[in-house]
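Features of the protein shown, as given by Swiss-Prot:
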type	residues	note
BINDING	Gln163, Lys337, Arg366, Ser367, Lys388	(2R)-2-phosphoglycerate binding site
ACT_SITE	Glu205	active site, proton donor
BINDING	Asp242, Glu285, Asp312	Mg(2+) binding site
ACT_SITE	Lys337	active site, proton acceptor
Amino acid sequence: MSTITAVWAREILDSRGNPTVEVEVVLESGATGRAAVPSGASTGTREALELRDGDKDRYKGKGVQVAVANVREEIAEALVGQDALRQVNIDNILIELDGTENKERLGANAMLGVSMAVARAGANLLGIPLYQYLGGVNGKLLPVPLMNIINGGEHAPNNLDIQEFMIMPIGAETFAEALRMGAEIFHTLKGLLAADGHNTAVGDEGGFAPNLESHAQAFEYIMKAIEAAGYRPGADVALAIDAAASEFYKDGKYVLAGEGKEFDAQGMIDFYTDFVERFPLISIEDGLAEGDWEGWKKMTDDLGEKIQLVGDDLFVTNPEILAEGIEQGACNSILIKLNQIGTLTETLDTMELAKTAGYTNVVSHRSGETSDHFIADLAVGLNAGQIKTGSLCRSDRLAKYNQLLRIEEDLEDDGIYYGPALKEAFFGED
């Protein structure tokens, strides 16, 4: 009943209008699984390779027909007849079939689409929710969303170098309440920006993309929006950023072109420390460049006891690189992106290693997304506690939030929203 009988792929478009891979898997029972693969804009150099066609006359070189063909032919031939319920075996077959360290032969986009679709087919075969299939009977933690409401960097055509300014509704009692808080703050922020004559167009992930005087002004607008929406900064809503510092690291310096400033690693740490002292900022992702290991160790020494320091480009969801970071004392958290590593099994291995080492897991989308909401189930099933999936507009972002609403409803009283625990960890009790 769980034997794979067919594997198929097609080229679809993501939220930026670029091609990506969608895979369907059919089992002997008739159960099916479908999955679509996301794509990033600011990427780590050690990520698994996303295979693109390179034909400039078609989708400006971004087509994925080769990856699709790899699924339809070589991968399908290897997996037909295999047991879909043996996820580790399926993923090991994919890894061995590819035979490269960074999945450049078959493409991480081809492999991940298959890996995710097989998991969905398995869940559908057993008639259980995907989150339960991934995490077992103990998957019950509804994650705190890191909601990206101001975009900059590679995600927006404005003068902000920091890529994402986010809010975290830690004062909510349920995920549904957290989502409502985020939406109310988002719409309040829009009104404040518009009233001051700022552009309220949105970036790739749905956050506003205004030209502002400084990064501090972005924080100030968000603080005003929180208060104007009727909430308390810190007590109800915390702040987070994704600096994506590798994108503005030039010739050994961190160049904040929008503010006309340049820093070494210590200068950048001091820059962030000022924000931590002035605002309820509890999480900084990619605050330094991916190759600046010495800087990361210093930043962890300086700020690691106070806030969450998240490695994204630094770790690229790779368990071997994470192990190196743990040994060196860099960061205290990891961003989890399925397409950085290319299979579900390797993703779960990375999350387990992080948790064992006392690092937090933040499950994440990519800037080029689809309506697939796999990561919502992953976050709950693995009790990650945090999810980063964009702003409060664009259906590709809301697909994940809406799935979390469904999961919370399905869990009923067994579901636990992680906000109060996170609030107590950073701010204590009211």
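Easy rule for this one: first residue shown is 1, then count along the chain.
Cβ coordinates are placed from backbone N, Cα and C, and glycine is handled just like the others.
Structure coloured by features recorded in Swiss-Prot.
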{"residue": "Gln163", "record": "(2R)-2-phosphoglycerate binding site", "DSSP class": "coil"}
{"residue": "Glu205", "record": "active site, proton donor", "DSSP class": "coil"}
{"residue": "Asp242", "record": "Mg(2+) binding site", "DSSP class": "strand"}
{"residue": "Glu285", "record": "Mg(2+) binding site", "DSSP class": "strand"}
{"residue": "Asp312", "record": "Mg(2+) binding site", "DSSP class": "coil"}
{"residue": "Lys337", "record": "(2R)-2-phosphoglycerate binding site", "DSSP class": "coil"}
{"residue": "Arg366", "record": "(2R)-2-phosphoglycerate binding site", "DSSP class": "coil"}
{"residue": "Lys388", "record": "(2R)-2-phosphoglycerate binding site", "DSSP class": "strand"}
For Arg366 ((2R)-2-phosphoglycerate binding site), the close recorded positions (Cα within 10 Å) drawn from Glu205, Asp242, Glu285, Asp312 turn out to be Glu205
Given a 10 Å Cβ-Cβ cut-off, pick out the one of the binding-site residues Gln163, Ser367 that has the most other Cβ atoms nearby. Gln163
What Cα-Cα separation, expressed in whole Å, is found between Lys337 ((2R)-2-phosphoglycerate binding site) and Glu285 (Mg(2+) binding site)? 13
If one looks at the chain holding Glu285 (Mg(2+) binding site), which residues at least 6 apart in sequence have a CB under 8 angstroms from its CB? Glu164, Ala240, Ile241, Asp242, Ala243, Ala244, Val310, Gly311, Asp312, Leu335, Val362
Write down the Cα-Cα distance for Ser367 ((2R)-2-phosphoglycerate binding site) and Glu205 (active site, proton donor), rounded and given in Å. 6
What same-chain residues, at least 6 away in sequence, bring their CB to under 8 Å of the CB of Lys388 ((2R)-2-phosphoglycerate binding site)? Pro145, Leu146, Asn148, Met166, Asp242, Leu335, Val362, Val363, Ser364, His365
Enumerate the residues of the same chain, Asp242, Glu285, Asp312 excluded, that satisfy the criterion Cβ within 8 A of the mean position of the Cβ atoms of the recorded Mg(2+) site; list them in sequence order. Gln163, Glu164, Ile241, Ala243, Ala244, Ile284, Asp286, Val310, Gly311, Asp313, Leu335, Ser364, Lys388
Neighbour count, 10 Å Cβ-Cβ cut-off, for Asp242 (Mg(2+) binding site): what number do you get? 30
Around Lys337 ((2R)-2-phosphoglycerate binding site), how many other CB atoms lie within 10 A of its CB? 25
